[in-house]
């Protein structure tokens, strides 16, 4: 396929990103594509520190400190996983990317556009991005059903979701996440296969 292809899945916690990332990776793998499935926070040292912090009893960092930590992990993730895989011509599917920082830290008061601009200095843009739309109350209910630790308030997630709605680009696709996993997967897969075909034609 030549140059690799970078796919990002975004949305509030509980929207089904992780499930859809796995389904998409499996579907593309069955079609003969070389796929790497990854996530943020990453499994690197900074990513593990972030997970410990997020699963801890309190949020003691300022929004600016949180953003700096996420950006440090993202730099490591890009250099360790994303760039090498793209250079090798693989498809990279990432469960979260810099849009998460813009939305989540943006909802804490940092300018989302400033966050995106800072990432443009070092982070490769995705070729395709899916934003999964789901009512925050439904997302919180899903998290509780899965016995996940829930630390965000509905009001905060409303702000996060509103910021996600401001992002624009020809490669951004918004998907209703209220359907069944299989229904959503079929929509995501159809869009992805068409994007891959266009990518292949451009690079031939």
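Each residue's number is its place along the chain shown, starting with 1.
Cβ coordinates come from backbone N, Cα and C, glycine included.
As written in TrEMBL, here are the features:
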- 9-188: domain 'Thymidylate kinase-like' (DOMAIN)
- 11, 12, 13, 14, 15, 16, 17, 18: ATP binding site (BINDING)
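Projection of TrEMBL feature records onto the structure.
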residue : record           : Cβ within 10 Å
11      : ATP binding site : 25
12      : ATP binding site : 28
13      : ATP binding site : 22
14      : ATP binding site : 25
15      : ATP binding site : 27
16      : ATP binding site : 23
17      : ATP binding site : 24
18      : ATP binding site : 14
Local backbone state of residue 15 (ATP binding site), from DSSP in three classes: coil
Listed in sequence order, residues not in 11, 12, 13, 14, 15, 16, 17, 18 with Cβ within 8 Å of the centre of the ATP site Cβ atoms: 132, 134, 139, 142, 177
